[in-house]
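Novice: This is the structure I have questions about; it appears just below.
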Amino acid sequence: MNLLIDQGNTRVKACLYDVDLRKLEAVSSIAALQAYLLAHNLPIDAIAIASVASVNESTQLITCLKRALPSARIYNVHYDAQILPSAYLEPSRLGVDRWLAMLAVKECRDAIVVDAGTAFTVDVLRAGQHLGGYILPGLALQRDALASQTAAVNFPKADVADLTIGRHTAACVGHGSLRALNALVSSVVDEFGGESTVATYLTGGDAATFMPHLKAEHRPLLVFEGLQLALSGYLTRGDQ
Ligand SMILES: Nc1ncnc2c1ncn2[C@@H]1O[C@H](COP(=O)(O)OP(=O)(O)O)[C@@H](O)[C@H]1O
Ligand SMILES: CC(C)(COP(=O)(O)O)[C@@H](O)C(=O)NCCC(=O)O
Ligand SMILES: [K+]
(Lines of atoms letter the chains of each structure in order from A; the text may use other names.)
(Lines give C-alpha, C1' and ligand atoms only; values in the text may rest on other atoms or scores of the structure.)
(Ligands and ions follow the chains in the order given, each with its own letter.)
Protein backbone atom coordinates (compact mmCIF):
# COMPACT_ATOMS: atom_id res chain seq x y z
CA MET A 1 0.00 0.00 0.00
CA ASN A 2 1.23 3.52 -0.81
CA LEU A 3 0.71 6.70 1.15
CA LEU A 4 0.48 9.86 -0.98
CA ILE A 5 0.81 13.28 0.62
CA ASP A 6 0.06 16.74 -0.81
CA GLN A 7 1.52 19.37 1.54
CA GLY A 8 0.07 22.72 0.46
CA ASN A 9 0.22 26.20 1.96
CA THR A 10 -3.02 25.81 3.95
CA ARG A 11 -3.13 22.13 4.84
CA VAL A 12 -1.77 18.65 4.43
CA LYS A 13 -3.89 16.21 2.44
CA ALA A 14 -3.31 12.45 2.22
CA CYS A 15 -4.49 9.45 0.22
CA LEU A 16 -3.91 5.73 0.43
CA TYR A 17 -3.41 3.74 -2.75
CA ASP A 18 -3.69 -0.02 -3.17
CA VAL A 19 -6.13 -0.78 -5.96
CA ASP A 20 -7.44 2.76 -6.09
CA LEU A 21 -7.12 6.11 -4.36
CA ARG A 22 -8.77 6.66 -0.97
CA LYS A 23 -8.67 10.15 0.53
CA LEU A 24 -8.02 10.39 4.27
CA GLU A 25 -10.62 13.01 5.21
CA ALA A 26 -9.49 12.93 8.86
CA VAL A 27 -6.10 14.37 7.90
CA SER A 28 -5.49 18.09 7.45
CA SER A 29 -2.25 18.70 9.37
CA ILE A 30 0.99 16.91 10.22
CA ALA A 31 -0.31 16.23 13.74
CA ALA A 32 -3.56 14.72 12.41
CA LEU A 33 -1.60 12.58 9.92
CA GLN A 34 0.68 11.31 12.68
CA ALA A 35 -2.28 10.48 14.91
CA TYR A 36 -4.00 8.66 12.04
CA LEU A 37 -0.90 6.60 11.18
CA LEU A 38 -0.28 5.63 14.80
CA ALA A 39 -3.93 4.65 15.33
CA HIS A 40 -4.15 2.50 12.17
CA ASN A 41 -1.38 0.01 11.65
CA LEU A 42 -1.29 0.22 7.84
CA PRO A 43 0.99 -1.93 5.68
CA ILE A 44 2.56 1.04 3.87
CA ASP A 45 5.66 0.27 1.77
CA ALA A 46 6.15 3.54 -0.06
CA ILE A 47 5.34 7.18 0.61
CA ALA A 48 5.27 9.88 -2.08
CA ILE A 49 5.31 13.52 -1.04
CA ALA A 50 4.46 16.63 -3.07
CA SER A 51 5.34 19.61 -0.94
CA VAL A 52 5.13 23.34 -1.69
CA ALA A 53 5.35 24.26 1.99
CA SER A 54 8.36 25.85 3.73
CA VAL A 55 11.55 23.86 4.33
CA ASN A 56 10.69 23.86 8.01
CA GLU A 57 7.23 22.36 7.44
CA SER A 58 8.43 19.77 4.95
CA THR A 59 11.20 18.70 7.33
CA GLN A 60 8.59 18.33 10.08
CA LEU A 61 6.47 16.16 7.80
CA ILE A 62 9.37 13.85 6.93
CA THR A 63 10.41 13.56 10.59
CA CYS A 64 6.84 12.59 11.50
CA LEU A 65 6.67 9.98 8.72
CA LYS A 66 10.00 8.41 9.66
CA ARG A 67 8.77 8.06 13.21
CA ALA A 68 5.32 6.68 12.36
CA LEU A 69 6.38 4.44 9.44
CA PRO A 70 10.06 3.60 9.96
CA SER A 71 10.21 0.85 7.32
CA ALA A 72 8.45 2.72 4.50
CA ARG A 73 10.51 4.20 1.68
CA ILE A 74 9.97 7.97 1.24
CA TYR A 75 10.04 9.69 -2.18
CA ASN A 76 10.01 13.46 -2.42
CA VAL A 77 8.50 13.84 -5.87
CA HIS A 78 10.13 16.32 -8.21
CA TYR A 79 9.82 17.68 -11.74
CA ASP A 80 11.08 15.38 -14.50
CA ALA A 81 11.34 16.72 -18.05
CA GLN A 82 11.39 13.17 -19.47
CA ILE A 83 7.90 12.56 -18.12
CA LEU A 84 6.26 15.95 -18.71
CA PRO A 85 8.38 18.83 -19.97
CA SER A 86 7.67 22.42 -18.97
CA ALA A 87 8.51 25.63 -20.83
CA TYR A 88 9.17 27.25 -17.42
CA LEU A 89 12.45 29.21 -17.49
CA GLU A 90 13.56 27.28 -14.41
CA PRO A 91 11.35 24.19 -14.28
CA SER A 92 12.73 23.15 -10.90
CA ARG A 93 10.94 26.24 -9.53
CA LEU A 94 7.55 25.15 -10.86
CA GLY A 95 5.33 24.06 -7.93
CA VAL A 96 5.40 20.28 -7.94
CA ASP A 97 1.64 20.22 -7.17
CA ARG A 98 1.02 22.05 -10.47
CA TRP A 99 3.26 19.66 -12.37
CA LEU A 100 1.57 16.59 -10.83
CA ALA A 101 -1.94 17.86 -11.58
CA MET A 102 -0.91 18.20 -15.23
CA LEU A 103 0.78 14.80 -15.20
CA ALA A 104 -2.57 13.26 -14.22
CA VAL A 105 -4.20 14.55 -17.44
CA LYS A 106 -1.13 14.35 -19.68
CA GLU A 107 -2.80 11.72 -21.88
CA CYS A 108 -5.30 14.27 -23.19
CA ARG A 109 -2.34 16.43 -24.39
CA ASP A 110 -4.29 19.73 -24.65
CA ALA A 111 -5.75 20.85 -21.36
CA ILE A 112 -6.19 23.72 -18.93
CA VAL A 113 -5.60 22.70 -15.31
CA VAL A 114 -7.01 24.91 -12.58
CA ASP A 115 -6.11 24.48 -8.90
CA ALA A 116 -8.29 26.58 -6.61
CA GLY A 117 -6.21 26.32 -3.44
CA THR A 118 -4.49 28.90 -1.25
CA ALA A 119 -3.16 30.21 -4.53
CA PHE A 120 -5.30 29.96 -7.66
CA THR A 121 -3.26 28.49 -10.50
CA VAL A 122 -4.12 28.05 -14.17
CA ASP A 123 -1.76 25.92 -16.26
CA VAL A 124 -1.78 25.24 -19.97
CA LEU A 125 -0.84 21.87 -21.38
CA ARG A 126 -0.44 21.80 -25.14
CA ALA A 127 0.69 18.78 -27.18
CA GLY A 128 1.72 17.15 -23.90
CA GLN A 129 3.95 20.07 -22.89
CA HIS A 130 3.43 22.63 -20.12
CA LEU A 131 3.45 26.05 -21.80
CA GLY A 132 3.21 28.02 -18.54
CA GLY A 133 0.39 29.52 -16.53
CA TYR A 134 -0.85 32.01 -13.99
CA ILE A 135 -0.67 32.26 -10.20
CA LEU A 136 -3.14 34.49 -8.34
CA PRO A 137 -4.22 34.79 -4.73
CA GLY A 138 -7.04 32.30 -4.11
CA LEU A 139 -10.48 33.21 -2.73
CA ALA A 140 -9.46 33.23 0.94
CA LEU A 141 -6.23 35.15 0.29
CA GLN A 142 -8.05 37.81 -1.75
CA ARG A 143 -10.62 38.26 0.99
CA ASP A 144 -7.97 38.38 3.72
CA ALA A 145 -5.81 40.85 1.77
CA LEU A 146 -8.75 43.25 1.39
CA ALA A 147 -9.84 42.86 4.98
CA SER A 148 -6.37 43.51 6.35
CA GLN A 149 -5.28 46.33 4.00
CA THR A 150 -8.40 48.54 3.97
CA ALA A 151 -9.98 50.50 6.80
CA ALA A 152 -13.62 50.16 5.83
CA VAL A 153 -13.81 46.85 3.99
CA ASN A 154 -14.71 44.81 7.04
CA PHE A 155 -17.14 41.97 6.70
CA PRO A 156 -17.97 38.58 8.13
CA LYS A 157 -16.61 35.55 6.26
CA ALA A 158 -19.43 34.62 3.91
CA ASP A 159 -20.04 31.72 1.59
CA VAL A 160 -19.25 32.90 -1.91
CA ALA A 161 -21.76 31.27 -4.18
CA ASP A 162 -22.44 33.44 -7.18
CA LEU A 163 -21.20 36.11 -9.55
CA THR A 164 -23.99 38.67 -9.21
CA ILE A 165 -23.43 42.32 -8.38
CA GLY A 166 -22.83 42.58 -4.64
CA ARG A 167 -25.13 44.68 -2.46
CA HIS A 168 -23.18 44.33 0.77
CA THR A 169 -19.45 44.28 1.42
CA ALA A 170 -18.99 40.53 1.85
CA ALA A 171 -20.83 39.85 -1.42
CA CYS A 172 -18.92 42.57 -3.31
CA VAL A 173 -15.64 41.02 -2.21
CA GLY A 174 -16.61 37.35 -2.53
CA HIS A 175 -18.49 37.61 -5.81
CA GLY A 176 -15.79 39.91 -7.17
CA SER A 177 -12.99 37.41 -6.54
CA LEU A 178 -15.04 34.53 -7.87
CA ARG A 179 -16.01 36.46 -11.00
CA ALA A 180 -12.45 37.66 -11.65
CA LEU A 181 -10.93 34.18 -11.28
CA ASN A 182 -13.70 32.69 -13.38
CA ALA A 183 -13.16 35.26 -16.11
CA LEU A 184 -9.44 34.50 -16.14
CA VAL A 185 -10.12 30.81 -16.74
CA SER A 186 -12.62 31.59 -19.53
CA SER A 187 -10.17 33.91 -21.24
CA VAL A 188 -7.38 31.31 -21.10
CA VAL A 189 -9.73 28.63 -22.45
CA ASP A 190 -10.74 31.00 -25.30
CA GLU A 191 -7.13 31.78 -26.15
CA PHE A 192 -6.28 28.10 -26.44
CA GLY A 193 -9.12 27.13 -28.77
CA GLY A 194 -12.29 27.26 -26.67
CA GLU A 195 -14.27 24.59 -24.86
CA SER A 196 -14.61 22.30 -27.87
CA THR A 197 -10.83 22.05 -28.33
CA VAL A 198 -9.39 22.13 -24.87
CA ALA A 199 -10.51 20.18 -21.79
CA THR A 200 -10.56 22.03 -18.47
CA TYR A 201 -9.86 20.25 -15.19
CA LEU A 202 -10.52 21.72 -11.78
CA THR A 203 -9.07 20.72 -8.41
CA GLY A 204 -8.20 22.30 -5.02
CA GLY A 205 -10.02 23.10 -1.79
CA ASP A 206 -12.25 25.75 -3.40
CA ALA A 207 -13.06 23.76 -6.56
CA ALA A 208 -16.68 23.12 -5.56
CA THR A 209 -17.28 26.88 -5.34
CA PHE A 210 -16.14 27.34 -8.94
CA MET A 211 -17.83 24.27 -10.43
CA PRO A 212 -21.28 25.83 -11.02
CA HIS A 213 -19.64 28.62 -13.04
CA LEU A 214 -17.03 26.80 -15.11
CA LYS A 215 -17.35 24.20 -17.85
CA ALA A 216 -14.76 21.97 -16.25
CA GLU A 217 -14.34 18.44 -14.99
CA HIS A 218 -14.03 18.38 -11.21
CA ARG A 219 -11.14 16.09 -10.27
CA PRO A 220 -10.66 16.54 -6.51
CA LEU A 221 -7.77 14.03 -6.41
CA LEU A 222 -5.80 15.34 -9.41
CA VAL A 223 -2.56 15.95 -7.47
CA PHE A 224 -2.85 12.45 -5.94
CA GLU A 225 -3.47 10.89 -9.35
CA GLY A 226 -0.22 12.53 -10.50
CA LEU A 227 1.58 11.46 -7.30
CA GLN A 228 0.61 7.83 -7.83
CA LEU A 229 1.81 7.97 -11.47
CA ALA A 230 5.14 9.52 -10.43
CA LEU A 231 5.59 7.04 -7.57
CA SER A 232 4.89 3.99 -9.71
CA GLY A 233 7.56 5.32 -12.12
CA TYR A 234 10.10 5.55 -9.27
CA LEU A 235 9.19 2.06 -8.04
CA THR A 236 9.34 0.51 -11.54
CA ARG A 237 12.74 2.07 -12.23
CA GLY A 238 13.99 1.09 -8.77
CA ASP A 239 14.93 4.71 -7.93
CA GLN A 240 16.19 5.34 -4.40
N1 LIG B 1 -11.63 21.86 5.52
C2 LIG B 1 -10.98 22.87 4.96
N3 LIG B 1 -9.87 23.38 5.56
C4 LIG B 1 -9.19 24.41 5.00
N5 LIG B 1 -9.53 24.98 3.84
C6 LIG B 1 -10.61 24.52 3.19
C7 LIG B 1 -11.38 23.43 3.71
N8 LIG B 1 -12.37 23.18 2.84
C9 LIG B 1 -12.25 24.05 1.84
N10 LIG B 1 -11.21 24.88 2.05
C11 LIG B 1 -10.78 25.94 1.13
O12 LIG B 1 -9.67 25.42 0.44
C13 LIG B 1 -8.66 26.41 0.31
C14 LIG B 1 -7.31 25.74 0.40
O15 LIG B 1 -7.24 24.85 -0.66
P16 LIG B 1 -6.30 23.58 -0.62
O17 LIG B 1 -6.27 23.07 -2.01
O18 LIG B 1 -6.69 22.64 0.45
O19 LIG B 1 -4.98 24.27 -0.14
P20 LIG B 1 -3.45 24.11 -0.27
O21 LIG B 1 -3.14 22.97 -1.23
O22 LIG B 1 -3.02 25.42 -0.78
O23 LIG B 1 -2.99 23.84 1.13
C24 LIG B 1 -8.88 27.39 1.44
O25 LIG B 1 -8.61 28.67 0.95
C26 LIG B 1 -10.35 27.23 1.78
O27 LIG B 1 -11.12 28.27 1.20
C1 LIG C 1 1.65 28.29 -6.74
C2 LIG C 1 1.68 27.58 -5.40
C3 LIG C 1 1.91 28.59 -4.30
C4 LIG C 1 0.33 26.88 -5.17
O5 LIG C 1 0.33 26.34 -3.88
P6 LIG C 1 -1.02 25.94 -3.10
O7 LIG C 1 -2.04 26.98 -3.35
O8 LIG C 1 -1.45 24.61 -3.69
O9 LIG C 1 -0.64 25.80 -1.65
C10 LIG C 1 2.77 26.46 -5.40
O11 LIG C 1 2.61 25.64 -6.51
C12 LIG C 1 4.16 27.04 -5.38
O13 LIG C 1 4.69 27.42 -4.36
N14 LIG C 1 4.80 27.10 -6.56
C15 LIG C 1 6.16 27.60 -6.72
C16 LIG C 1 6.17 28.76 -7.66
C17 LIG C 1 5.76 28.41 -9.08
O18 LIG C 1 5.03 27.42 -9.32
O19 LIG C 1 6.20 29.15 -9.98
K1 LIG D 1 -2.65 22.49 -4.47
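Glycine too: its Cβ is placed from the backbone N, Cα and C atoms.
The ATP binding site feature in TrEMBL is assigned to ASP6, GLN7, GLY8, ASN9, THR10, ARG11, VAL12, LYS13, THR118. Taken from TrEMBL, the feature substrate binding site applies to TYR88, GLY95, VAL96, ASP97, ARG98, THR169. The active site, proton acceptor annotation in TrEMBL covers ASP97. According to TrEMBL, the feature K(+) binding site maps to ASP115.
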Novice: Is THR118 (ATP binding site) helix, strand or coil when read with DSSP?
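Specialist: Looking at the DSSP assignment, THR118 (ATP binding site) belongs to neither helix nor strand, so coil.
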Novice: So among ASP6, THR10, ASP115, all listed as binding-site residues, which is physically nearest to VAL96 (substrate binding site)? Use the C-alpha atoms.
Specialist: ASP6
Novice: Listed binding-site residues are TYR88, GLY95, VAL96, ARG98, ASP115, THR169; which sit with C-beta under 6 angstroms of ligand 1?
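Specialist: None, by Cβ distance under 6 Å.
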Novice: Under a threshold of 6 Å between Cβ and any atom of ligand 2, which of the binding-site residues TYR88, ASP97, ARG98 are retained?
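Specialist: Near ligand 2, sequence order: ASP97, ARG98.
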Novice: Can you check what DSSP calls ASP6 (ATP binding site), collapsed to helix, strand or coil?
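Specialist: It is in a strand.
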Novice: Write out, in the order they occur in the sequence, the residues of the chain not among ASP6, GLN7, GLY8, ASN9, THR10, ARG11, VAL12, LYS13, THR118 that have a C-beta within 8 Å of the mean position of the C-beta atoms of the recorded ATP site.
Specialist: VAL52, ALA53, GLY117
Novice: Pull out the binding-site residues from the set TYR88, ASP97, ARG98, ASP115, THR169 whose C-alpha sits within 10 Å of the C-alpha of GLY8 (ATP binding site).
Specialist: ASP97
Novice: Please list, in sequence order, those binding-site residues from THR10, GLY95, THR169 with the Cβ less than 6 Å from ligand 3.
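Specialist: Listed by sequence, the hits amount to none.
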Novice: Work out how many Å separate THR10 (ATP binding site) and ASP115 (K(+) binding site) at their Cα atoms, rounded off.
Specialist: 13
Novice: Enumerate same-chain residues with a sequence separation of six or more from ASP97 (substrate binding site) and a Cβ-Cβ distance below 8 A; give 'none' if the list is empty.
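Specialist: For ASP97 (substrate binding site), the qualifying residues are ASP6, GLY8, ALA50, VAL52, ASP115, GLY117, VAL223.
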Novice: Give me the long-range Cβ neighbours of GLY95 (substrate binding site): same chain, 6+ apart, Cβ under 8 Å, in sequence order.
Specialist: VAL52, THR121
Novice: Translate the DSSP assignment of VAL12 (ATP binding site) into the three-state scheme.
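Specialist: VAL12 (ATP binding site) sits in a strand per DSSP.
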